[in-house]
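Feature list (source: TrEMBL):
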DOMAIN    12-685  domain 'Myosin motor'
BINDING   105, 106, 107, 108, 109, 110, 111, 112  ATP binding site
REGION    562-584  region 'Actin-binding'
DOMAIN    821-1006  domain 'TH1'
């Protein structure tokens, strides 16, 4: 804190208590503006934290920032909400007492965000366990749920809290929480001003709800269809994403431990309120209300349509032992409908808060310390202020009264504890305004209640008349009737004006009676108890109808709950966060001085500063003050050996403090004027630079001696370590060598203690060498390493396993196409292996499905479906003239084709077989049965793909056993009863010609044997 004073001219003062012109509102605002301009949104007034909304994201809420503020003295680091939260937590731990943080400010000033930051800080900084984490998650996730059901867009804020919330966070070995809610703005359910919206949950359900859910609830994905959602004419807001918020709320409800049934019934209630808003009334000839349609009623909470119809159009009046139905006028029916909608939503909200409390409940019955978190609406002044603003501003009056009392009390207690004389502080006591509102039998609330309960026609104007009658002479109350001519110009006849501590507020009495009564007819309550929705059954208990006593009015309920809240807060130590809006347009970087000045006034910040500065502006423990400023006095520098208070006394006397500028307490020094501290800090800043050179020289000298000593020590230790390592290494080596020699000597004997390690080494060595020299193929039979005797059996097992593994790997790598190739090659091998000289050279040549292109086949325009086709040379049976042909195999027959003409067709049943020589030629004879006169005789063919063609023929015609490999000559039938012959021989060059003996002579090349 003190260190920041050197930059005070540029970034302002971090604590307003140190502001020299502490009575000047202009100086106060100037300091705020300086800090705001530098993105320093937090400033202290003692332990009170002021937060100015920057309307932009600042990088000051990271996990790193949280760690920085954990366990640090409150004034040690720059002002931050984490500093306040941490100080509250550690104060609670050290003093074992309860504390509370009051967060207040105008709508849109950032109160809700401040409470979120505090909860997030506690979630991260407090001890962690599975149970604690679960409860913390629920506590954090309760925020989006309560925001959805209790927040709405107003003219000043897109996420304005329309209820007050007090949360107790319980700490100790277990953690828990409890939430109290105050004055939910139920009238918003049925009416919104222009530019405002209903509660967020309605829009989230309609815009983000799943199709099945909306269909089940009878809703449509269009907010314009619902009367309760269109009055403000701003269903869509750029800063709000209802669809994403819907997902967040659903997830939060499941984290808080709401089951699927609870969620379904809760959303059923929200849908029922929307349907209720679409119930419209017409007047009959007598002016009584009638429903123009029952369509909307069938979706209302599982209650029979006719029962609801009657409840919304008739009032049940009990007359002695009889019940009479009195019909509503249209206005009364609309009032009853809206009252029911408000009651359903208000009671469902109360149920929701209670249900969240159940999930946060701490089951440990032991004593627990708590930190309360009060997020309450700030002082509200609108162009038209109604009953809600009256209650909200009354609440702020009570909290301001408590605020001043607790601040004065804390100051007085600190002075007394330190033995400093207390000086009375002059301040405005707003008790006179609180009494004006709440005094029994005479206050505004009492008058309002009397007017609500008296028989006869009580109206808002008769209420105003009673106020004028009872409070006509009160200095803080004025109406049109009581005002002078000048004041009357700013008042309407139905207005009254209160002079609050923060300034004047004019209230319009229209609606005060109805809003305070908040009546729901008994017969409508009875109908609600017939609902099949279990939440509604809890919200409208059967016992409620038994009481004949008139329920308390809204204002009285609020007053009593406020009194209970005051009692709760009075029993705790108070901490404060005051939130300010920097401007009304939510514009980043803009500081509206007029607006901020107004907020500073109604938040009572100047009043609080005057209380804090009434005595002494600055106070610090002796140890802290002496530690910082001891360099300014030779007697205390560099080390003070005595009692800290005596050291501080010496120091301030050396600095020339006057007796009226300071006081010495029991544990702290109190400095009256900020300028005295500023002069001390400036002197310390100059002294720091003078001492810096000496510090550096001294530090370097110390570092040199330290390094010299450290180097000697390290060298000694290092040598010792190395020597011990060398000794151990040699001893280990001797032991290993002995074992190795003994093992080698006894290596051929049975396993013993002496040779076990040697044999293990031999095995490991062999396996390591084998690992790097494994055969790569199945056919490799030579590279397997010769094993040592101890590994012979193991080596054989490994060899077999390795061979199986390679075979398995090879088989798995075979594709279906390659498998078919191998199957064909197996057939070829079975027919020709060892029989025909040219077979070995054909093994490496892959078979194909055709040797003639598909284009050539299509060009011939043959209606054939070939299985295989290959070009051949056909030799005439008479004369042996060679003719180029195409051999085509189909599923049923062999075809010999010349271009587009089929020259010969042989069915497979007519094919007797095939013959070829054992030499290296490529001639084959297909033998044909001459049973059919159309058959021409055997075919003599030369084919370059002899083995491929015969294998395909053998497989498709199933003729594997009918293919003959012969030596010498082959006989063939020219025609029935007439034979020819083909003679085979070996020569230098392959030739085919007609011999002198009339046979076909085939000379095959000589095949070199492998």
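Every residue, even glycine, has its Cβ placed from backbone N, Cα and C.
Note: TrEMBL annotation is automatic and uncurated.
Since we're looking at a predicted model, the values are computed, not measured.
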ATP site shell beyond 105, 106, 107, 108, 109, 110, 111, 112, criterion: Cβ within 8 Å of Cβ centroid: 53, 157, 160, 378, 579, 581
Nonlocal residues around residue 108 (ATP binding site), in sequence order (Cβ under 8 Å, 6 or more apart): 53, 156, 157, 160, 581, 586
Composition by DSSP (helix, strand, coil) of residues within the region 'Actin-binding' (562-584): 9 helix, 9 strand, 5 coil
Number of Cβ atoms other than its own within 10 Å, given for residue 111 (ATP binding site): 27
Number of Cβ atoms other than its own within 10 Å, given for residue 106 (ATP binding site): 25
Other CB atoms, at most 10 A from the CB of residue 105 (ATP binding site): 26
Sequence-distant neighbours of residue 109 (ATP binding site) in its chain (C-beta under 8 A, six or more apart): 51, 53, 378, 579, 580, 581, 599
